[in-house]
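Peer 1: This structure is in structure tokens; I'll ask about it shortly.
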Amino acid sequence: MTTRSASLPEPGMPIAAVATPVGVGALAILRISGRGVFGIAGRIFKKKQNPAFRFAEAKGYTAHFGSVHDSEGLIDEVVALVLRAPNSFTMEDMVEFTCHGGPVVVQHILKVLLDEGCRLAEPGEFTRRAFLNGRIDLLQAEAIGEMIHARSESAFRTAVTQMQGTLSLRLEAMREQLLRSCALLELELDFSEEDVEFQNRRELQQQLGVLQEELRRLVDSYQHGRIMKEGVATVIAGRPNAGKSTLLNTLLGLERSIVSHMPGTTRDYIEECFLYNKTMFRLTDTAGLREAEEAVEHEGVKRSYRKIAEADLIVYILDLTLDDYADEVARILEFKSEYRNARMIVAANKIDLASESPERIQELREATGCDVCGISAAKGEGLETLKELMSTMVVGLDKLHEASVLVTSLRHYEALRNASDALENARMLINSNSETELIAFELRSALNYVGEITGKVINEEILNMIFDQFCIGK
Ligand code: GDP
């Protein structure tokens, strides 16, 4: 683990990559960045009307029309955009070539760039350089990746907010405060023989309390943040033959899981997403919940319970044609008390077969204390009401999100929790009048955890994990 220096590192090896998706398109972009890229670009590019053109002398943010050649002649006509250090994405000298979007053309130009001295960029290497050179912090780099991969409006919004750096600013303020206290404590250690107290313990105790409270709020925002980013983890649970697979298929409009009359045919779980009112729901259809004799089934049942434990929302589907619901009501109440973190909705299925549906639904509402709606998964009835109920799960989250900063990544969540634990330890040590050295150690540890989030403290393993998820060219 190293701490990042404030000065800019030397420009890196020249790297090249295709920045646009593979395939046929109107245009494609290749980008190069690093030491000597203007020389490399100059060797393959001829500017129309100005044979004496040199990239090294061109102004930043200027575009030049010309052609790219290899030893055998013309490859394509292109526009070359010049970006000069430090005013580029990577803060190094860069050139972006916009060419015609055919895969063969693009590969040809890439090959010439590699022949002329570029190395093929690793996934996320441009963004990694932007981070290492101090243009963006780690949170913002991750937000760029998340924005590219966003599959819903809310995921996109959370990524944009993170890219703007609100969370970064909060964490930075926190880090500065911790750093100050740490410095004072360490000064005391230097003067340990003289028994001085530069950092008043009562004040420190109070400051750490405030910081810990802020950390706790961020940690607590994770469930909402995750829902905004990844969608609502929704489990469709219920006895075999209640209609789970049918409901899943109707909601998705797809024939994905096999619907069958035999109890227990959904052996494993499958996960699919659908969008309703800008919110993504990640639906899991679990294997039938029953005491199974068969080994495969048994494993499936265990997995089902694990999935339910991770859910934000449980849609419990119940067969209205049953004569007696006592067992089902007991099971629903059991789920409610066991999975307190999840919201629960009861979907009373097969209203097309059950006479007296409205009365039964009302009874179920009273017996379970849950939202209950009558549906026919097979006929598609009542599904709008069900989806409305499901989306009340996220009502207010948008507003909450605008008003405060949300933590959306597991990595950040864990680091914040560790930082909060370290502060808790520090406060206990202060309370018991422990040695300065021990308190300083806990504060340093909290500092490191907070620093790891924004990348002030660099951990190679974390960097690799983050940037490996990017595509090449980003
Ligand atoms: P699962 O075991 O809970 O996944 O249940 P399935 O989705 O496989 O459904 C069991 C049986 O009930 C199948 O024969 C479905 O066609 C039938 N079924 C499901 N929903 C309805 C419904 O709303 N009305 C009627 N009449 N039959 C349904």
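Using the three backbone atoms N, Cα and C, a Cβ is placed for every residue, glycine included.
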Peer 1: Of 34-80, 175-221, which range does TrEMBL call coiled coil?
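Peer 2: Going through 34-80, 175-221 one by one, TrEMBL gives coiled coil for 175-221.
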Peer 1: Record says Arg31, Arg135, Lys474 bind (6S)-5-formyl-5,6,7,8-tetrahydrofolate. Source is TrEMBL. Which of Glu92, Glu96, Glu414, Glu424 does it list for that same site?
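Peer 2: Between Glu92, Glu96, Glu414, Glu424, TrEMBL records just one in the (6S)-5-formyl-5,6,7,8-tetrahydrofolate site with Arg31, Arg135, Lys474, namely Glu96.
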Peer 1: Counting only other Cβ atoms and using a 10 Å cut-off, which of the binding-site residues Arg31, Lys474 scores lowest?
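Peer 2: Result for the binding-site residues Arg31, Lys474: minimum number of other Cβ atoms within 10 Å at Lys474.
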Peer 1: Could you state the CA-to-CA distance between Asn241 (GTP binding site) and Arg135 ((6S)-5-formyl-5,6,7,8-tetrahydrofolate binding site) to the nearest Å?
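Peer 2: Taking the Cα atoms only, Asn241 (GTP binding site) lies 56 Å from Arg135 ((6S)-5-formyl-5,6,7,8-tetrahydrofolate binding site).
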Peer 1: Can you tell which of Arg135, Lys244 has the most other C-beta atoms within 10 Å, given these are the binding-site residues?
Peer 2: Lys244
Peer 1: Distance between Ser245 (Mg(2+) binding site) and Arg135 ((6S)-5-formyl-5,6,7,8-tetrahydrofolate binding site) at the Cα atoms, whole Å?
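Peer 2: The separation of the Cα atoms works out to 49 Å.
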Peer 1: Looking at the binding-site residues Arg31, Arg135, Asn241, Ser245, Lys474, which have a C-beta within less than 6 Å of some atom in ligand 1?
Peer 2: Asn241, Ser245
